[in-house]
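Here's what TrEMBL has on this protein:
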type	residues	note
DOMAIN	6-153	domain 'Lactate/malate dehydrogenase N-terminal'
BINDING	12, 13, 14, 15, 16, 17, 18, 43, 106, 130, 131, 132	NAD(+) binding site
BINDING	93, 99, 132, 163	substrate binding site
DOMAIN	157-326	domain 'Lactate/malate dehydrogenase C-terminal'
ACT_SITE	188	active site, proton acceptor
């Protein structure tokens with residue numbers, strides 16, 4: 001029996017990340033090679049013509065799994081009946097803008113999109129916020145879509161997680177698929193903490209801790225962390241454009257693992273609503289190590305946290321509290 005199509009919303013769909021993401025979804029990379037999809041692409045009126053061009057290309061690509069395309073600038077039409085929502089659209093920070101200006105623009109965008117999802121999305125819709133500030137945009141969305149379960153509102157830190165895997169893989173000259181269980185703690189910003197203390201590498205003689213194989217704590221505690229934290233800026237410098245391909249790919253990874261489950265013994269990083277685990281203040285969207293089963297994520301519990309890690313985890317939580325206060329001040 002063929003599966004019923006899943007409706008997937010991509011906001012900001014005419015932008016760079018959207019353009020990289022929609023063919024991945026249509027090809028089954030996000031939800032599986034046997035899962036038909038109907039794509040809902042939403043963007044602002046200014047981008048309507050470009051959005052229609054993306055729709056034309058999707059039709060031209062003749063994706064077997066793609067059972068329909070809705071391309072619209074109407075938020076209600078975009079959100080109606082969607083099962084998965086990937087929120088890529090947001091207001092980017094421009095030169096000379098204060099953080100508060102960017103925050104206030106994004107607060108108003110996420111407040112109105114939350115209201116539309118609340119009223120029109122399918123029950124149990126899963127939401128992934130990609131647009132920055134991703135953690136705080138997700139928090140605003142949660143506030144204004146109270147009927148969507150808090151466990152269903154997440155933000156993307158899988159890009160940082162994958163960047164960390166990539167750095168270890170390059171350093172050790174091993175396939176990236178042999179590296180697992182790095183952790184991104186906290187905010188999707190330069191205060192995030194990429195943690196390798198629990199990471200492992202598959203070798204010919206079984207799994208070995210990353211620290212044992214790298215044999216260079218100075219690199220792991222210094223350059224490795226800053227490279228992952230600042231990778232987005234490095235890509236902008238190299239491409240003169242922000243990372244789109246890797247962001248789209250990691251958004252697919254995030255949703256795929258959430259819906260289809262993580263492999264046994266592997267955990268991934270997701271920005272989720274804190275329940276106070278690891279003494280992270282509740283009421284923040286914070287990146288934790290999680291495992292996924294049957295469409296639900298769970299925070300990995302009981303990992304030992306050393307003093308250095310504790311400080312870094314607290315400092316990124318502090319930044320998230322400041323962002324939250326700034327966002328709430330924009331609301332009032």
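The backbone N, Cα and C atoms fix where each Cβ goes, and this holds for glycine too.
Of the candidate recorded positions, 14, 16, 106, 131, 188, the one lying closest to residue 163 (substrate binding site) when CA atoms are compared is 188. Most Cβ neighbours within 10 Å, among the recorded positions 93, 99, 163, 188: 188 holds that distinction in the structure as shown. Over all protein chains present, the Cβ of residue 132 (substrate binding site) has 20 other Cβ atoms lying within 10 Å. Less than 8 angstroms from the CB of residue 18 (NAD(+) binding site) sit 10, 11, 12, 41, 43, 54, 88, 89, each of them six or more residues away in the same chain. Neighbour density at the Cβ, taken as the number of other Cβ atoms within 10 Å, is lowest among the binding-site residues 16, 106 for 16. Mapped onto DSSP helix, strand and coil, the domain 'Lactate/malate dehydrogenase N-terminal' (6-153) counts 69 helix, 28 strand, 51 coil. Each of the binding-site residues 14, 131 was scored by how many other Cβ atoms lie within 10 Å of its Cβ, and the smallest score goes to 131. Counting only the Cα atoms, the space from residue 131 (NAD(+) binding site) to residue 99 (substrate binding site) is about 15 angstrom.
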